[in-house]
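A.B. asks: Residues annotated as N-acetylproline in Swiss-Prot, with sequence analysis given as evidence: 3. Annotation comment: Swiss-Prot describes 14 as N6,N6,N6-trimethyllysine, evidence class sequence analysis. What Swiss-Prot lists as active site, proton acceptor is 175, and the listing cites sequence analysis. If you look up Swiss-Prot, you'll see 201 marked as N6-carboxylysine. Sequence annotations record features per position, and here Swiss-Prot assigns Mg(2+) binding site to 201, 203, 204 based on sequence analysis. Positions annotated as site 'Transition state stabilizer' by Swiss-Prot, on the basis of sequence analysis: 334.
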């Protein structure tokens, strides 16, 4: 050891282990406008004080480790460390706390959701001193927001490209999700678009399997789009899933979609990765393609109430990393989603400025400045009887995406989209006339059945179908 090293090591350094809270719990800290703020739901192990648990989260997700290290003296911990600045108990839950942590902006690479997540939701989630840990929300400062380009186009450009205004957009996921040949798949796309839908969609499972290679699917779907557009006079689209085993292959598929002059491609955001999403978003922005985002695998991360990460965090990250649409649950369908919680993250996707509202799970005021908005997609176990509720809950700036609720029509593929379009038009007209969809929804659908046999047949098939289970994702 050199004399210089000996001198530095001997001044102010004491080896050993000390409580995290001595360094990382700072209840008097005043947060800065440039800090990234996090709200964690912390469940400490028995005997671990909540302040120590919150400080451990702040430490292990920023500059700290389990013991003091000599190299702490070579930097400024006060400048770079995360700080647990508040602890509050979770009402109605034993031994659960909300720990508020502030992170200096210099800890994060500009324009990188991957780097942000690597720090904030990294190894700390396996920390033994915690029984469980869940990231409930993040406040992204405007200084960091401005380092991202966000969605390739956003809501207004989406509508302008389609030339469709004043109502939700209407879509359908092609079923069965696996097993169709490319030609039969294209036929289903054509029948749906011809019947009145704005979009059809590849299921997230569809990539390039032996029964249907991606290039064949792209060609037959493009043919279906052109034919439906010519016959209806409306602009149509199909979400061509560009997700692949490598980013290079993904980009090759996106390039081929652009060469076919289709309006939109699709990517599996979580299974494909944030980096791939951002790369594809940049390409879509430069080449005039809309980007639809699927959230497959999200429930592995966000379903459990005490561990993981809430979907509102994933939604914020997607808006930063880039996507024009993202699936957001339905409230009324087969997938998990409580109304107020869902509307909270829907606002985080669409609006420019969202105020703190704990009743909807929004822990921090969020200012997106000029970052474009994202269209929420309601999809999963919905049918024509749900149309009034979906229109009332999600409003015009949304995509209502039916799968079995279109292709399960008793008369076949073609009448299904007709029934959905009639139901949507009836609900929008009734709403515009001042009728309350929450009160008169079923009556509005029954009235429309009188002049649409396709809708009447659909209503008869699905009149008893409900998905009524208690939501796990409720705010306490």
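Cβ coordinates come from backbone N, Cα and C, glycine included.
From a predicted model like this one, the values you see are computed outputs, not experimental measurements.
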A.B. asks: Checking the contact step here: among the recorded positions 14, 203, 204, which have a Cα within 10 Å of the Cα of the residue listed as 'active site, proton acceptor'?
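C.D. replies: Close recorded positions: 203.
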A.B. asks: When neighbour density is defined as the number of other C-beta atoms within 10 angstroms of a residue's C-beta, which of the recorded positions 14, 175, 201 has the lowest density?
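C.D. replies: Counting other Cβ atoms within 10 Å of each of the recorded positions 14, 175, 201, the minimum falls on 14.
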A.B. asks: In whole Å, note down how far the CA of residue 14 (N6,N6,N6-trimethyllysine) lies from the CA of residue 204 (Mg(2+) binding site).
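C.D. replies: Distance (Cα to Cα, whole Å): 54 Å.
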A.B. asks: Can you tell me the three-state DSSP label for the residue listed as 'N6-carboxylysine'?
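C.D. replies: Looking at the DSSP assignment, the residue listed as 'N6-carboxylysine' belongs to a strand.
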A.B. asks: Report, in whole Å, the straight Cα-to-Cα distance of the residue listed as 'N6,N6,N6-trimethyllysine' from residue 203 (Mg(2+) binding site).
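C.D. replies: Pair distance, Cα basis, whole Å: 58 Å.
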A.B. asks: Between the residue listed as 'N6,N6,N6-trimethyllysine' and residue 201 (N6-carboxylysine), how far is it from one CA atom to the other, in Å?
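C.D. replies: Spelling it out, the Cα of the residue listed as 'N6,N6,N6-trimethyllysine' and the Cα of residue 201 (N6-carboxylysine) are 61 Å apart.
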A.B. asks: List, in sequence order, the residues of the same chain other than 201, 203, 204 whose Cβ lies within 8 Å of the centroid of the Cβ atoms of the recorded Mg(2+) site.
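C.D. replies: Residues close to the Mg(2+) site, other than 201, 203, 204: 173, 174, 177, 202, 205, 206, 239, 241, 266, 294.
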A.B. asks: Using a 10 Å radius around each Cβ and counting other Cβ atoms from all shown chains, which of the binding-site residues 203, 204 yields the largest count?
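C.D. replies: Of the binding-site residues 203, 204, the most buried by Cβ count within 10 Å is 204.
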